[in-house]
């Protein structure tokens, strides 16, 4: 920290102040370019840090981005009082509706996904099974609802249930050569 204080020239105002003072003092109709601003600051404030040119460039860019300065044809000038304020990037926020101060507002909706409805049966089963140890291994399959007669396959020779895996390849029927 001591080295920063030793290297810093004494009694220098902040760069934005020096830049604005230079633009006002130069009072050019179409604005002042960077070299004119730099020469004015060097002549007015004398001892400047070695990194003056890079500091000036960085502060000019920052002031241009924030809307303190306008850049027109490589010249910097102060925006007029009737100039609209510079808007940030992205979509502007929605305008908020005007609400009278005595109006009672409903509480805002909570953020995120709403919680699932509570199942009273599941809560009762969990309460009963709370003290029991869990069974080891894969849990058994849940019972399927009974299939109606219209949806069930016919029992005339067709298998009721398909086996697991790929079905076997059908064997070709041998043609009888009796003709």
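From the backbone N, Cα and C atoms, a Cβ is placed for every residue, glycine too.
Residues or ranges marked as domain 'H15' by TrEMBL: 11-80.
What TrEMBL lists as region 'Disordered' is 75-179.
Within its own chain, the compositional bias 'Pro residues' (95-109) has no Cβ neighbours under 8 Å among residues six or more beyond its boundaries. The compositional bias 'Pro residues' annotation in TrEMBL covers 95-109.
Sequence-distant contacts of the compositional bias 'Basic residues' (133-144) (same chain, six or more residues past either end, CB-CB distance under 8 Å): none. The compositional bias 'Basic residues' annotation in TrEMBL covers 133-144.
Per TrEMBL, the feature compositional bias 'Low complexity' maps to 145-160.
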